[in-house]
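J.: This structure is in structure tokens; I'll ask about it shortly.
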Amino acid sequence: MGRVEDGGTTEELEDWDPGTSALPAPGIKQGPREQTGTGPLSQKCWEPEPDAPSQPGPALWSRGRARTQALAGGSSLQQLDPENTGFIGADTFTGLVHSHELPLDPAKLDMLVALAQSNEQGQVCYQELVDLISSKRSSSFKRAIANGQRALPRDGPLDEPGLGVYKRFVRYVAYEILPCEVDRRWYFYRHRSCPPPVFMASVTLAQIIVFLCYGARLNKWVLQTYHPEYMKSPLVYHPGHRARAWRFLTYMFMHVGLEQLGFNALLQLMIGVPLEMVHGLLRISLLYLAGVLAGSLTVSITDMRAPVVGGSGGVYALCSAHLANVVMNWAGMRCPYKLLRMVLALVCMSSEVGRAVWLRFSPPLPASGPQPSFMAHLAGAVVGVSMGLTILRSYEERLRDQCGWWVVLLAYGTFLLFAVFWNVFAYDLLGAHIPPPP
């Protein structure tokens, strides 16, 4: 709690909580008269226009002035505006933003600076400063900017010709992934190349290395699962090795053959990397690994005799989340040939599922045992439509503030607990006949 003196009275203020403050009502302008109170913000006051309706009491304006004082860090308005014009320069405002510890994350501070610099005169008036600091905001700062009609300039860098190769790629990613123009401009403005999208690239590289090692060792590059030695890998999930918990995740590094690896690697790079650039390593890695884990656990429940290989659970989680996001925001997406690309993606994904179904029910070789299950593909798609869509729709918003996120997280946690108990008790209770592990 803090206190500020204004006009001879002392107002007790709330802690800085942007969600509880309000925009100054219309009809208020900055008056020239001086106040007699102490404190730097008492040099100028808010004064209603002659024809304006009655306004709330001074407490509302005191809150705005107190929050502005927090930004000014003790500097008087006379020092910031020595000529008493009612404006401060954008450069001065930028220095204030970055030189004081405000309870806003760096991205939001950057947006404050961007809004200040978007002014044609390069100035910020006192009214705008109070609006920026004390305006009521939703859980997403950039949506508050949109609601408050404070977006980046329409002729911003997204439409500039002569951009470098990397900036053109960033613009392409913004158009491909984000459905809202405000989001696209916000992403383009604040994107930094460091850290790079290392997760999807690292996973893809590791999968290729593992495939090359086993291919060279077995001299088999297609349908490697028919080779009995391949299924003996400590990375493959097999129902006879359920106690080795790492196999529920590490199976994503093994693949049936070149055909499955090529399909998964292509989608991971074409869809996974742009998603990671926009939404960050933590969210996309969480979604990918959640799809992988759900895939192996679903197989352990629905196809108890089958092993699992391949990263299809994670790949289908990413792809289904992205496709669902495109469908739900069809009008706002700017990617070209949306319908054609959607149909092509669905055909390719369906073909991969068909290949996996054929492989699962094809007659196995005597020494190879049952072939890998296709249920991981379907489980990954379910994770993508539920958890993944929630993540993709929460761009620049904290997931913990989203009610849907907690619902999805609770459902996923319940599934995990059920799957763990199933793997511990159900196999023995049901007398499931499990093929001996290789």
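Cβ coordinates come from backbone N, Cα and C, glycine included.
In case it's useful when we look at the structure, here is the feature table from Swiss-Prot:
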- 1-62: region 'Disordered' (REGION)
- 8-17: compositional bias 'Acidic residues' (COMPBIAS)
- 196-216: transmembrane segment (TRANSMEM)
- 262-282: transmembrane segment (TRANSMEM)
- 284-304: transmembrane segment (TRANSMEM)
- 308-328: transmembrane segment (TRANSMEM)
- Ser312: active site, nucleophile (ACT_SITE)
- 340-359: transmembrane segment (TRANSMEM)
- 372-392: transmembrane segment (TRANSMEM)
- His377: active site (ACT_SITE)
- 405-425: transmembrane segment (TRANSMEM)
J.: Should anything in the same chain at least six residues away from the transmembrane segment (340-359) have a Cβ under 8 Å from its Cβ atoms, list it; otherwise answer none.
T.: 223, 225, 256, 259-260, 263, 312, 316, 319, 323, 326-327, 371-374, 377-378
J.: Against which stretches of its own chain does the transmembrane segment (284-304) lie, if we need a Cβ under 8 Å and a gap of at least six residues from its ends?
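T.: Same-chain contacts beyond the ends: 199-200, 203, 237, 239, 242, 247-249, 251-252, 272, 275-276, 311-318, 321, 360, 373, 375-380, 382-384, 387-388, 391, 412, 415-416, 419, 422-423, 426-427, 432, 434.
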J.: Output the single range from 262-282, 308-328, 372-392 maximising the number of Cβ pairs under 8 Å to the transmembrane segment (196-216).
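T.: Checked against 262-282, 308-328, 372-392; highest Cβ contact count belongs to 262-282.
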J.: Relative to the Cβ of Ser312 (active site, nucleophile), which residues of the same chain, six or more apart in sequence, are found under 8 Å away?
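T.: Within the chain, Ser312 (active site, nucleophile) has Cβ neighbours under 8 Å at Gln260, Asn264, Gly295, Glu352, Ala356, Ala376, His377, Gly380.
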J.: Taking a Cβ cut-off under 8 Å, which residues six or more beyond the ends of the transmembrane segment (262-282) line up next to it in the same chain?
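T.: Same-chain residues near the transmembrane segment (262-282) but 6 or more away: 170, 173-174, 176-178, 187, 191, 195, 197-201, 203-204, 207-208, 255, 288, 310-312, 315, 318-319, 322, 348, 352, 391-392, 395.
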J.: State the non-local partners of the transmembrane segment (308-328) in its own chain: residues 6+ outside its ends, Cβ under 8 Å from one of its Cβ atoms.
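T.: Beyond its ends, the transmembrane segment (308-328) has Cβ neighbours at 177, 179, 203, 207, 225, 236-237, 251-256, 260-261, 264, 267-268, 271-272, 275, 284, 287-296, 299, 335, 338, 342, 345-346, 349, 352, 356, 372-373, 376-385, 387-389, 391-393.
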J.: Neighbour count, 10 Å Cβ-Cβ cut-off, for His377 (active site): what number do you get?
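T.: The answer is 24.
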